Amino acid sequence: MITPDWQNIPNASDHLKWYENKGKLKLNFFLSIVAIGMLLNGYDGSLISGLQASDAWQADVGYPNGVKLGLLNACGSFSGVVVGPIITYIDEVWGRRWGIRFYGYTILIGSVIGCIAGVSGANGYALFCVGRVIIGFGLTSFLMTSLIVVQEISHPRSRSTVAHSWNSWYILGLFIEGWVIFGCVGYISSNTSWSWRIPYIIQVGFAIYILVAVQFVPETPRWLFANGREDEAFDFMVVYHGNGNREDPLVLFEFEEMKVAILKEREAKAEKWKTILRDRSNLHRLGLACLMPCLFNMSGASILYNYYTIVFENVGITNPTTQTGIAAGLNGFTWFCQIGAVYAGKFIGRRKIVLWTWPFLLFCLVGLCAAGGVYANTGETNTSAGIATVSLVWIFQGFFNFACPVIYSYASEIQTYSMRSKGMLVWNTVYQLQGAYVSWVDAIALEAIGYKYYAVYMPLVIIQFVLVYFFMVETKGYTLEEIALAFDGGSKISLANTDILPSVEHNQRVPNSEEDERLSREGDHKNIATN
């Protein structure tokens, strides 16, 4: 029996204006808390790169360069590797909210400790590193948990859009950070530590908001169902996906599909590592979970994110105000690129987006290497090399950020429920180890060989393109449970051989039927929840 086309099943949201759908408004508020967390992630993620332009920060942390600067950037990733297995256990046993709550605490504590750097008698570098390690614990917790939450609580009509827009909030955080750094570092006296402490302490406000707001976020329906709280799981979908209508056709379909998938995974003991590792389709999922962070960390983007001041200095752009101004404008540009990608993703498949953008990254790396070589070999300031470098940085970041919505959402999307936390553990381990490597090694390599370091990433970009071409599976158009079809085919945890229960089929409406649409509207409005 063929599974019904879920996109043609009526839902309360189809006939209500956005301000009438109270359930979806509440759901969007919950999702906005995740968005604020990601904004904070972006704000914090580029702070060190921006603070490198501050003379006061350099003095307070002991003028780090090379190995010490790389370690300062990488220490948060090292702590992220350590905490990953703990967060996986918490997400599976205690619930998804705890990962977000832990993130708020670590940002709060880590930011305060970091701001103490430079106090008379204290080791500024050591204090700042300790603060980064603490923040690294929470950052990993948030990344792993929030990627799961946006997939598991989003309305099926908008799940793909919400998941793809997840990383755009990171870029918005970069944009805010860029202009804060531009104002503080560029216009507050370079002799005062407040030129860098003000940007750093701003994080505390975001952390407090997250700690308060996360108390109101419900657990995901899939976690509730898997932990024996079936009624609560159904009530979640009724309130937030069906606007209170317990007979909503899409809600009934979604619940039964989730129920069948989780029960079949439970029968197959799909949550066990032994089961995961002996199944070919699961190994495929884990392999792709490893490939996605490679696309982000090993494509050369880490140089431009973490060390853009060094990139600009290598072609003669040394003024701090100019450096921070270019970076702030770039962050605004890349945010628009990501928003454009979110809407394009509705029409273009995940795989196509990556395949179309990666050749442009290779072109830009070649150009950056050439521009750096021209400047290094002329023996004098070369305006053309500087202009070319700035232009190529913008082109590279534009195409790279067009692919970022897919790169970040894909690894969580393709996992089954039973292995989603474990799949994200694999993703996080690779992500953090590679992040630590590039953060540390990039600084050392740029100091040692300068522009020639771009050439290291060129063959890696080619290899990534080949791997995406042969192994990335298209998931556009599937529900979260139906993605198993793309990987499993006829395996025993696939929905391919599953009959959707009759109660769901009886509620399915025939598209373009005016009478059925009228009955659906009447039924929806009659059962709307007044909460």
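Any Cβ shown, glycine's included, is placed from N, Cα and C.
Some features that TrEMBL has for this protein:
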- 518-531: compositional bias 'Basic and acidic residues' (COMPBIAS)
- 30-476: domain 'Major facilitator superfamily (MFS) profile' (DOMAIN)
- 506-531: region 'Disordered' (REGION)
- 27-51: transmembrane segment (TRANSMEM)
- 71-90: transmembrane segment (TRANSMEM)
- 102-119: transmembrane segment (TRANSMEM)
- 125-149: transmembrane segment (TRANSMEM)
- 169-188: transmembrane segment (TRANSMEM)
- 200-217: transmembrane segment (TRANSMEM)
- 286-305: transmembrane segment (TRANSMEM)
- 325-344: transmembrane segment (TRANSMEM)
- 353-375: transmembrane segment (TRANSMEM)
- 387-411: transmembrane segment (TRANSMEM)
- 423-441: transmembrane segment (TRANSMEM)
- 453-472: transmembrane segment (TRANSMEM)
Counting a contact as 3 or more Cβ pairs under 8 Å, with residues at least 6 apart in sequence, do the transmembrane segment (325-344) and the transmembrane segment (71-90) touch? no
Contact set of the transmembrane segment (453-472) with the rest of its chain, CB cutoff 8 A exclusive, min separation 6+ beyond the ends, reads 284, 287-288, 291, 294-295, 298-300, 303, 350-351, 354-355, 358-359, 361-362, 365-366, 368-369, 372, 410, 442, 445-446
Under 8 angstroms for C-beta pairs, at least 3 of them, ignoring pairs fewer than 6 apart in sequence. Is the transmembrane segment (200-217) in contact with the transmembrane segment (102-119) by that rule? yes
Proximity verdict for the transmembrane segment (125-149) and the transmembrane segment (169-188), three or more C-beta pairs under 8 Å: no
With the cut-off at Cβ under 8 Å and a gap of six or more residues from its ends, the chain residues touching the transmembrane segment (169-188) are 35-36, 38-47, 50-51, 53-54, 194-196, 198-199, 202, 320-321, 324-325, 327-332, 334-335, 338, 401, 404
Under 8 Å for C-beta pairs, could you tell me which stretch among 27-51, 353-375, 387-411, 423-441 has the largest tally with the transmembrane segment (286-305)? 423-441
How about long-range neighbours of the transmembrane segment (387-411): same chain, 6 or more residues beyond its ends, C-beta under 8 Å? 147, 150-151, 163-168, 171, 288-289, 292-293, 295-296, 299-301, 304, 308, 311-312, 314-315, 317, 326, 330, 333-335, 337-338, 340-342, 344-345, 350, 353-354, 357-358, 360-361, 364-365, 367-368, 370-372, 374-375, 423-424, 427, 472, 475
Taking every residue in the domain 'Major facilitator superfamily (MFS) profile' (30-476), what is their average pLDDT? 86
